[in-house]
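**Q** Just dropping this structure here.
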Amino acid sequence: MSSERDIWITEVALRDGSHAINHQYTVEQVVSVAQALDEANVPYIEVSHGDGLAGSSLQYGLSRTDEMELIEAAVSVCKKAKIAVLLLPGIGTIRELDAAAKRGVKMVRIATHVTEADISAQHITRAKELGLEAVGFLMMSHMASTEKLVEQAKLMESYGADVVYVVDSAGALLPHEVTERIRALKQSLGIEIGFHGHNNLSLAMANTLAAIQEGATRIDGSVRCLGAGAGNTQTEVLVAVLDRIGLKTGVDLYKMMDLAEEIVAPILQVPQEITRDSLILGYAGVYSSFRLHAERAAKRFGVDSRDILVELGKRKVVGGQEDMIIDIAAEIASKKTATGAR
C-alpha cells in the first residue's frame, strides 16, 4: 500500500489492551505484536501500562513486566513505526517521561480529565523539550459541554500540544455528539484533532467515522478490539472501512488481519464482546477500565456489578478514583444485608 496517509492511526492494543489482560503482557508478546504492526506499516504504536506510565500499582493493577522493558522491546523491533506512551499527570511524572524518551519513545500522549487540561502544561512542555511529539488527550469527553471541551483543548494547544484528542473513555458518546465536538475543535484550533473511541455501545466505528467526517486525522484503533471495556475501534476493520471510503491509511490490511487472527487472538483471555458490564459502562458513562475492577468487587461483596457501575456513573467518578469501586460495593452489600434483616 502507499505510504501516503490521509488518516494516521495509533495502535493502542499494547496499552489500552493491557486492561483486558490484567496488565500481564510479556516481552515476547510485545515483540511479536509490535514487529507485526511495524511490518503492516502502522505509524504509531502505544506501549505502556493501561493507565499510562507508572500505572503499575495495587490501585490500578500490577504489571507482570516492567513497562520500560516492554517499551525497549517494542522500540528494538520497529524499523518504521514510532513508539508512543500514555502519561496521566499524577500517576506518571517527568521522571518516567524522561526515562521513556531515553528508551526511544517518539510520542507522548498527556491524558487528563476533560475539565483538567491545566495540569498537562508541565508535561507537554517537557515533551517538547525532549523533542517528542506531544498529544493532548482529553479523557471522559462526554462529561463536558462542547464549549468546555474547546476551552480545555485550547489550553493544551497553548502549552505546545501538536494534536488534541477527544477521548470517549466510557464509550458513552453518540455519533451526533462526536460530530458536534470534533466540528467545534476543528473550527477553534490550529492543530490536528484526534479521536479515541470505546465500543461499549457498539458505536466505536460509527463515532470514529463521524470524527473523520468532521476533519479528525489522528485516529486510535485496537487490533482485535483489544482494549478496556468492550474494546476500542477495531483497527483491522477500520483500515478496511477507510479503504472502502477511499481514505489512505498506508496500513497493509492483509497483514493486520493476519496479526489479529494469529498473534493477538491467542493473547485474549476471553473474546472481546459487549457484555452486560461493558454495556453498562457506556450506558452509565463510566470509565471503561473500571469493568474488571467492578466485576472483582461484585464477586467479593456478593452484589451485582451493574449496580456498582450505575452508582459510579451517578457519582460521576472518573479515572484515578478506582478506590471508590470498593467503597460503593461495600455500601451496596451493607444496604442489601440491612434490607434482608428486616
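Here the Cβ of each residue, glycine as well, is placed from N, Cα and C on the backbone.
The shown structure was predicted, so the numbers you read here are calculated from the model rather than taken from an experiment.
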**Q** Record says R15, D16, H196, Y287 bind substrate. Source is Swiss-Prot. Which of S32, S158, S169, S305 does it list for that same site?
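**A** Looking at S32, S158, S169, S305, the one Swiss-Prot places in the substrate site next to R15, D16, H196, Y287 is S169.
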**Q** Mind giving me a neighbour count for R15 (substrate binding site)? Other Cβ atoms within 10 Å of its Cβ, every protein chain shown.
**A** 30
**Q** Round to the nearest Å and give the CA-to-CA distance linking Y287 (substrate binding site) with H198 (Mn(2+) binding site).
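**A** With the alpha carbons as reference points, the distance is 10 Å.
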**Q** Let's check the environment of H19 (active site, proton acceptor): how many other CB atoms sit within 10 Å of its CB?
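**A** For H19 (active site, proton acceptor), the 10 Å Cβ neighbour count is 25.
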**Q** Between D16 (substrate binding site) and H198 (Mn(2+) binding site), how far is it from one CA atom to the other, in Å?
**A** 10
